[in-house]
Amino acid sequence: MIQVGIIGGSGLDDPNILQQAEEVTLTTPYGAPSSPITRGVIDGCRVLLLARHGRRHQYSPSQVNYRANIHALKEMGATHIVATTACGSLREEIDRGHFVILDQFIDFTRKRCNTFHDDFSGGAVHTGMATPFDAHLRKVLYETSMTHGNHTHEKGTVVTIEGPRFSTRAESRMFRAWGADVINMSVATEAALANEAGIPYAAVAMSTDYDCWKEDEAPVSWEEILEVFHKNTDRVKGLLTKAIPRIGTP
Ligand code: ADE
C-alpha cells in the first residue's frame with residue numbers, strides 16, 4: 001500500500017488537510033527532522049506531512065536538515081514524496097501564481113549536507129541523477145492541476161541557490177542563460193537525497209516573483225513572496241488533496 005510523504009514549503013504545511021491526523025515525533029541518525037511528522041489520510045490515501053522549515057519557519061534554507069527529513073519519511077514508510085515550494089520565475093511566460101511541475105534541477109548550493117554517501121569505507125556509491133523527478137508523480141500532478149483550472153507548466157528546470165540572500169542581477173541573468181526556468185532555495189538538495197534514498201520524488205513550484213532579471217519590475221522581496229504566496233496557498237493545498245489520492249492509480 002502506498003504512503004505519500006508531503007514536504008510542505010513555507011505556508012504549505014497545514015496539518016488540517018489530513019483526516020485522522022496524529023503527530024509522530026522521531027529522530028534519525030542525522031538528527032531531528034524539521035518538524036514532527038503528521039500521519040493521516042487524504043481521501044483514503046495514507047500520508048505523512050512534514051514542514052520543511054519547521055512549524056514556526058525557524059530553519060533557514062541552509063539550516064534545514066534535509067537528510068533527517070528524507071530519512072524520517074523513509075523510516076516511517078513513505079513510498080513517494082510530493083514537495084511544494086515557492087519559486088521565482090526566470091521566464092516571462094511563468095507568471096506569478098503559475099504552477100511548474102519541475103523536471104530538472106541545477107544545484108547552486110554551497111554549504112549543505114547533500115548526500116547520504118559521504119563515507120566510502122563500505123564501498124563507493126554514486127547515484128544516477130539524470131531524471132531526478134518521478135515521471136508518474138509529475139503526470140498525476142500536472143493532469144490534476146490542469147483539471148482544476150490552474151495555469152500549469154508541464155516541466156521546468158529549477159536552480160536551487162544557497163540563500164538566504166536573493167541573487168544579484170548578474171547571477172539571475174546567468175541562471176537564465178544556463179537554461180533554468182525558476183529559482184528557489186531548497187528543491188535540488190531534497191530531490192538529490194530522495195533519489196539517493198530510492199523514493200520517487202516530485203515537486204510543485206508556485207511562482208511568486210520575477211527574481212531580479214526583469215528590468216521593468218522591482219526586484220524580488222520577501223514581503224512580495226509572502227503576499228503572493230498567501231493568496232495562492234489554497235490552490236496548492238487543493239492540488240495536493242486532489243492529486244495525492246490518484247497516485248496509487250496507474
Ligand atoms: N523563492 C521564491 N522566489 C525566489 C527567488 N527569487 N529566489 C530564490 N528563492 C525564491
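Every residue gets a Cβ built from N, Cα and C, even glycine.
Per TrEMBL, the features are as follows:
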- S10, R52, H53, T85, A86, S186: phosphate binding site (BINDING)
- M185, D209, Y210, D211: substrate binding site (BINDING)
- 4-244: domain 'Nucleoside phosphorylase' (DOMAIN)
- S167: site 'Important for substrate specificity' (SITE)
- W222: site 'Important for substrate specificity' (SITE)
Other CB atoms, at most 10 A from the CB of M185 (substrate binding site): 25
Distance check against A86 (phosphate binding site) for the recorded positions S167, M185, D211, keeping those with Cα within 10 Å: M185
Nearest of the recorded positions (H53, S167, S186) to D209 (substrate binding site) - Cα to Cα: S167
Lowest local Cβ density among Y210, W222, which the record lists as recorded positions, within 10 Å: W222
Where the C-beta lies under 6 angstroms from ligand 1, the matching binding-site residues among R52, H53, A86, S186, D209, Y210: A86, D209
Spatial neighbour of S167 (site 'Important for substrate specificity') that is closest, considering only the binding-site residues S10, T85, M185, S186 and their CA atoms: M185
Around the Cβ of A86 (phosphate binding site), the count of other Cβ atoms that are within 10 Å: 24
Proximal residue to W222 (site 'Important for substrate specificity') among binding-site residues S10, R52, H53, T85, S186 (C-alpha distance): S10
Sparsest Cβ surroundings (other CB atoms within 10 Å) among the binding-site residues D209, D211: D209
Those recorded positions listed as S10, S167, S186, and which of them has the most Cβ atoms within 10 Å of its own Cβ: S186
Position of peak Cβ density within 10 Å, selected from the binding-site residues R52, H53: R52
Residue among binding-site residues M185, Y210, D211 with Cα closest to the Cα of T85 (phosphate binding site): M185
Other CB atoms, at most 10 A from the CB of T85 (phosphate binding site): 26
Rounded distance in angstrom between the Cα atoms of D211 (substrate binding site) and H53 (phosphate binding site): 21
